[in-house]
Amino acid sequence: MKSERMECSLLSLLLLVIQMGTFFNACHVSTFIRQITMVSHKEFETAGKAPGLQIWRVENMDLKPVPKNLYGNFYTGDAYLLLYTTTAPSYYIHMWMGNECSQDESGAAAIFATQLDDFLGGGPVQFREVQNNESLTFLGYFKSGIKYKQGGVASGFHHVLTNDVDVKRLLHIKGRRAIRATEVEMSWSSFNKGDCFIVDLGKEIYQWCGSDCNRFERLKASQLAIDIRDNERNGRAKLIMVEDGAEPDALTKVLGPKSSITPATPDNEEVETSNKKKAALYMISDASGSMKTSVVAQTSPFKQEMLSLDECYILDNGVDKNVFVWKGPNANTSERKAAMKAAEQFIKEKNYSSKTQIQVLPAGGETTLFKQFFSNWKDKDQTTGPTKAYTIGKIAHVEQIPFDASSLHNNKAMAAQHNMVDDGSGKVQIWRVEGGDRVPVDPSTYGQFFGGDCYLILYSYKQGSREQHIIYTWQGLKSTQDELAASAFLTVQLDDSMGGAPVQVRVTQGQEPPHLMSLFKGKPMIIHSGGTSRKDGQTKTGSMRLFHIRQSSSRATRTVEVEPSASNLNTNDVFVLKSPDCVFVWKGAGASEEEMVAAKYVVSVLGRQSTDVVEGKEPAGFWSALGGKKEYQTSPTLQKMVKPPRLFGCSNKTGRLVVEEVPGDFTQSDLATDDVMLLDTWDQIFLWIGKEANEVEKRESPKIAKDYVDSDPSGRHGLPITTIKQGAEPPTFTGWFQAWDPNMWDTDPLERIRARF
């Protein structure tokens, strides 16, 4: 059986070589066939055996390993194969092609990638990478940046570790989040005032800073200069910082007399914060004898049920230069083998840019970017592999952390995942927005909110010896535009009156974070649909009312009034049904006792006696009160998978507001103090305001955050957006960062890194 699979695998590879025959020179075909007929390349014997990155370069139709000290260096005339293995384990395969790479080498890289994918059981996620257009996943492997070197194997350039003191090159550093260093002509004409450059002379490495480049770019360029010294020179080089206009004689000796420097040139590429454009879904099939694509859905969002396990699909997001291939586990071998080739052919047929990124995803290995095009995506709880492969400290496994209020203060990972700064036992003050002012709410009714109102909730608690504050701005779905505007103004006013220190959290009805729900001393939060709580302004409630009760992961319970229809029931929860004649407490099969306790409190608020009803044994009067029995959610909800958080920078340093995603496993140092940063943790959005952010960034970033959520194809409308200032971060934010240092900004980061020169 095993030999049959190997023969089938080998045959598929040979067919693929024939399909790609135009890529190869005749003299290379026999060499390459010898390589693939080994079934498993000798370099793959160690592939995926340990977590981490492995890199090979295609040399003379063979694979040669790149020394680890030189990871991040890429010759523009070559093709590379990369494998990243996680601790799960799961695998990511990348083919990287330089701009001057030959067809022979790019074709060989594609075949080796297919062979490696087969060697690892067909489970890896595959990426096609093109110079200057690499995926964020790829860039995330090289936190100090990537360096493009001129030449390649055909020119005799090799990845060799030396202490060569005769190096002479000029590197142009671009980017604030994803750093790229490109080798350019050693001449003053290559410089501009808006960027940083590295003049590498072997024994001395000079970092030249244009007069118009900003502090964060200087910081990133310094990190790359240190990387060159420590890895390429084994620490045997001197780093020197040079300012525009203060060049030492050593530079003018190499570059000649300084000529006029070109003014700063703004970046032309803007990175989208989300997949705002429409996408299309196609099915791939070879049933007709050749690979064909047929339309499944013209526009996103899609439904997960559209993906049959027996087929392969192309998700076309070409307008954002992204094309995804999804491989069904039961699809035939030829379809799965030719997935990358089918995507490349698809790009040609659509006349998309050759820079378009391709990701090939096995079932169970879907990336966040792919899943966001589906409005109902669910990951199976038992799924392993890439869906759990990201690493953000202990948060990667936080779905297994039980909620323990007593440990919130010292367990930042749990505080972040459950979105709880503490156990809710601090001081609470609540005001209702009324007539453009805030009116105190009767403390006996704390925890009850009406959809026709807006509220301000001030929460004060101790963190160590310091008192901290959170202002929750709760906005009902049926509140007026005047009330919404007034709630925003009053929040700023309250924030200013407290010295600007509080954390601000804007909450839309139905999207209440767990911590807000925990503030009412053991009582469930109750949200009445419509109406208002203001005195003498109470809107008459309906004769039939249904309340949905659910306990959160932090054990806080929320009660929300919903439309009184049987279709709104859920087997996992408890419901309270109030009719003119009686009150029913309906307990679903998966409901908890805590939810039943909360239901009894809701009944007491309604001022009535109740009758308990167990799912499956409902009396006729229960269904008639709901307008008849209807289909409702009867299967236990799949446990939510933890989504990998994403960090974006909002900056107008290039002359217009640009949003860029931070690649890889972000750290605290990725928070640019001269920007506004957006942290997306899937069910919560944070806006972090750097102390040096300018007014345009502060003013426009909240709109970007709202647009980011509202335009998400997966339909996350109305998520809470929390605004946080640098230096006043709560654990709900800091817990998403590994080893958060509260004293990081006590000293200038640029001065700290200069100390390493």
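Cβ coordinates are placed from backbone N, Cα and C, and glycine is handled just like the others.
Annotations in TrEMBL come from automatic prediction, not curation.
What TrEMBL lists as signal peptide is 1-26.
Over the domain 'Gelsolin-like' (62-139), the average per-residue pLDDT in this prediction is 90. Positions annotated as domain 'Gelsolin-like' by TrEMBL: 62-139 (among others).
The domain 'Gelsolin-like' feature in TrEMBL is assigned to 179-250 (among others).
Shown for the domain 'Gelsolin-like' (294-370): DSSP residue counts in helix, strand and coil, namely 25 helix, 23 strand, 29 coil. Per TrEMBL, domain 'Gelsolin-like' is recorded for 294-370 (among others).
The domain 'Gelsolin-like' annotation in TrEMBL covers 437-517 (among others).
What TrEMBL records for 558-623 (among others) is domain 'Gelsolin-like'.
According to TrEMBL, the domain 'Gelsolin-like' annotation covers 659-733 (among others).
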Selection from 62-139, 179-250, 437-517, 659-733, the stretch that has most Cβ pairs under 8 A to the domain 'Gelsolin-like' (294-370): 62-139
Of 179-250, 558-623, 659-733, whichever stretch has the most CB pairs under 8 A to the domain 'Gelsolin-like' (437-517): 659-733
DSSP helix/strand/coil residue counts for the domain 'Gelsolin-like' (179-250): 23 helix, 23 strand, 26 coil
Per-state residue totals over the domain 'Gelsolin-like' (62-139) - DSSP helix, strand, coil: 24 helix, 27 strand, 27 coil
